[in-house]
Amino acid sequence: MSDSVVFNRRDFLKLVGIGVAGAAAGCATPKADRLIPYLVAPNDILPGVSYWYASTCRECSSGCGVLVKAREGRAIKIEGNPAHPLNEGGLCARGQASLQGLYDPDRVAMPMVKQGGAWKAISWDEGVKLAAAKIGAARGATALLTDHAPGSADALAAELAAAAGATRLVY
Amino acid sequence: MKRALALVICAVTLATASVAFTQSFGVQLFGPKGPRQPINFSHQLHAGKLGMRCVYCHSAAEKSPIANLPAMSTCMGCHKIAKADMPEIVKLTGYFERNEQVPWVEVYVLPSHVKFNHKRHVKAGIQCQDCHGPVQTMPVVYQYPSLKMGWCVSCHRQRLNDAQHPATMDCIACHH
């Protein structure tokens with residue numbers, strides 16, 4: 001038997017172990033990306049092509065004209081509308097950032113009720129029932145507070161306030 | 001004896017490492033090329049044997065920068081009836097009825113910092129197969145070209161003086 005092995009058996013096995021673990025960890029296959037198709041393709045959307053919609057900024061009561069860039073049905077950028085008489089293509093930082101509000105993970109997306117100082121999400125059925133009961137009980141002593149709602153949303157708010165016998169307040 | 005043992009262990013380590021290494025950039029050592037898809041869809045059958053045109057399903061290829069995957073309603077257009085009892089079609093129908101999208105695995109991965117526009121190339125008369133290879137013979141589709149810059153440029157160079165659609169060599173044409 002020769003003694004020409006330079007490191008002893010234990011050290012050798014340790015080194016081999018480290019080598020294998022390193023190779024396996026460093027060369028692990030990255031998870032393949034998935035391509036998700038439409039379930040039913042919308043007629044008016046071409047995948048990969050952006051569409052621009054003219055709209056109105058709702059971040060303050062000025063109501064600047066905006067152009068919204070949308071891809072596959074999702075808004076991805078907002079710019080000022082050059083043809084709008086008020087802002088003539090400009091858009092302030094808040095208007096630019098309104099897209100962040102749209103996709104804010106903390107955005108309130110369902111009715112919530114305060115229980116013991118903390119907000120708790122409830123279902124729409126529960127929420128509507130609860131609101132109806134409270135408004136009914138306080139008939140005439142309620143107010144509906146909205147911002148400058150545009151067009152039909154304004155009419156809807158006015159009708160809702162009238163039906164509930166509430167005072168309409170606009171800020 | 002010790003030496004023989006050491007050699008064997010070294011060989012095993014090296015083999016493991018090389019398998020892990022080749023796997024790391026998507027080279028499959030056994031089985032068909034290309035990733036395993038959630039449904040065993042065959043381009044060989046659809047585009048080859050049945051002779052369907054590519055744009056029947058990938059309809060945006062000639063109209064948009066990206067060649068889309070067909071909507072599942074496009075699949076169901078035929079498969080609501082055609083071969084509806086085959087196991088893979090039953091899988092497809094299952095996804096569709098559960099309102100779930102099939103999570104297809106991406107086959108073509110374009111390197112970072114480069115943009116590719118399908119519409120421009122199709123409009124200039126480039127055939128799908130010029131880049132994607134003989135898809136109509138592939139039971140499982142795999143990435144045919146390297147999609148590396150040298151591969152793009154070699155074709156652009158050849159068509160620099162094309163009478164109708166001269167190819168560009170401008171950097172910003174792709175890197176923008």
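Cβ from N, Cα, C; glycine included.
What TrEMBL annotates here:
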SIGNAL    B:1-20  signal peptide
BINDING   B:His113, B:Cys128, B:Cys131, B:His132  heme c binding site
DOMAIN    B:114-176  domain 'Cytochrome c7-like'
Other CB atoms within 10 A, centred on B:His132 (heme c binding site): 19
Residues of the domain 'Cytochrome c7-like' (B:114-176) by DSSP state, where helix covers H, G and I: 27 helix, 0 strand, 36 coil
Cβ neighbours within the same chain of B:Cys131 (heme c binding site) - under 8 Å, at least six residues apart: B:His121, B:Tyr144, B:Pro145
B:His113 (heme c binding site) in three-state DSSP notation: coil
Proximal but sequence-remote residues of the same chain as B:Cys128 (heme c binding site) (Cβ under 8 Å, at least 6 apart): B:Cys54, B:Ala61, B:Val122, B:Val135
Cβ-Cβ neighbours of B:His113 (heme c binding site) (radius 10 Å): 8
Max pairwise CA distance, angstrom, over record-listed heme c binders B:His113, B:Cys128, B:Cys131, B:His132: 23
